[in-house]
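Quick look at what Swiss-Prot lists:
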- 2-40: region 'Interaction with SUPT5H' (REGION)
- ALA2: N-acetylalanine (MOD_RES)
- CYS16, CYS19, CYS33, CYS36: Zn(2+) binding site (BINDING)
- 16-36: zinc finger (ZN_FING)
Amino acid sequence: MALETVPKDLRHLRACLLCSLVKTIDQFEYDGCDNCDAYLQMKGNREMVYDCTSSSFDGIIAMMSPEDSWVSKWQRVSNFKPGVYAVSVTGRLPQGIVRELKSRGVAYKSRDTAIKT
């Protein structure tokens, strides 16, 4: 697991609304999302960080070998990079971003386990 994917602080944590990766707001702005930056372009853009992440999430899981873990398969993160992931993320991506993802062939499924989509 790369050191930059581990949250550097327990305050100001946010979870990506697309993949549920958890980092500090500054880490998302400085490095982007390790899994989704090709689509969400959060790196260097604090406004996109606020739009594409949520500070409201439940539970965290540290994934060292996502490809070998049954938990990562259950959480739908087995194809993602090692890191810390939220179990459930409250919120949805803005409609414009969802349309852009769809046009690029990326299916968006909410990571909020409280709502069924």
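Backbone N, Cα and C atoms are what each Cβ position is placed from, and that goes for glycine too.
Keep in mind the model is a prediction, meaning the values are calculated, not measured.
DSSP classifies CYS16 (Zn(2+) binding site) as strand under the three-state reduction. A 10 Å cutoff on Cβ-Cβ distances gives CYS36 (Zn(2+) binding site) a total of 19 other Cβ atoms nearby, all chains included.
Taken residue by residue, the region 'Interaction with SUPT5H' (2-40) breaks down under DSSP into 14 helix, 8 strand, 17 coil.
The average pLDDT computed over the zinc finger (16-36) stands at 94.
Neighbours of the Zn(2+) site: apart from CYS16, CYS19, CYS33, CYS36, residues of the same chain with C-beta atoms within 8 angstroms of the site's C-beta centroid are LEU17, LEU18, SER20, LEU21, ASP34, ASN35, ASP37, LEU40, MET42, CYS52.
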